[in-house]
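Beneath this line is the structure, given in structure tokens, with notes to follow.
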Amino acid sequence: MLARLQRASILLLVIVAFVICYQSIMVGNPIINYYLGTNNTQLRLNLSACLKNSRKLVGLQPIKKEILSWSRLNKIHSNVLLGGHYKPNCLTKESVAIIIPYRDRQFHLKVFLNNMHSILQRQLIEYGIYIIEQSDSLAFNRGMLMNVGFAESLKLYNYSCFIFHDIDLIPDNDKNIYDCEETPRHMSVAVDKMKYKLPYNTLFGGVVAMKKEEFRKVNGFSNRYFGWGGEDDDLYNRLPYNTLFGGVVAMKKEEFRKVNGFSNRILVGRHSIYNL
């Protein structure tokens, strides 16, 4: 949970590197603050509003699966600002942070960035991509990493919309707009490897879009789930208490992951854990 993140003693944060395609935030080392940004507010005053149904959108398209070098990626996406931030040449209604929990999946990362930068730019979205990497030897904690991404990205930019995104999911249609609606939106309810059907109706993982205020209202993800699975169901179970709801987007998926065998035991006790 967001409040408990400040008291967590097992993980410390570090922003270790900036490349053009994304911003890397590692979890597990001492804190080092480093950020480069630009202020071009005056230059943008005369711009017109961005169109949601941009003429640049192409609809269904194959996923680009070629694994490019970092130098090639940076060259292709040279219009992205240092640290993975992009502003279209029009005025957007919101700014979107793409938060990606990550560990040891460089091939997936390169494919993801090559596809997503192109898709998001055709959608005329102002966005930043944040790769939140867990660098210690503990079991993967997806929920905590996404809480870290939420908190740290807000220190760098005043984002209004957050999309929590697994690295092995890529939309196959750029008309599925990456933005936030009035309620939280489940953006990966149709995945190719699952034959575009949910394994169970309350699945709320993969890709989720939430406004900043909504994420704070439910106090973020739980930090208690180590290993894959459980943290997204936990979040879903807390949404009805806050009258929030979800929606749809089709995705391509590369592979499945090992499920956290302790998820159900933790989820059963959610009422006492969160005092709901």
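The backbone N, Cα and C atoms fix where each Cβ goes, and this holds for glycine too.
The model shown is predicted, which means the values in this text are computed figures rather than measured ones.
Annotation comment: TrEMBL describes 50-181 as domain 'Galactosyltransferase N-terminal'. For 185-239, the entry in TrEMBL reads domain 'Galactosyltransferase C-terminal'.
Across the domain 'Galactosyltransferase N-terminal' (50-181), DSSP classifies residues as 39 helix, 31 strand, 62 coil. Looking only at the domain 'Galactosyltransferase C-terminal' (185-239), the predicted model's pLDDT averages out at 71.
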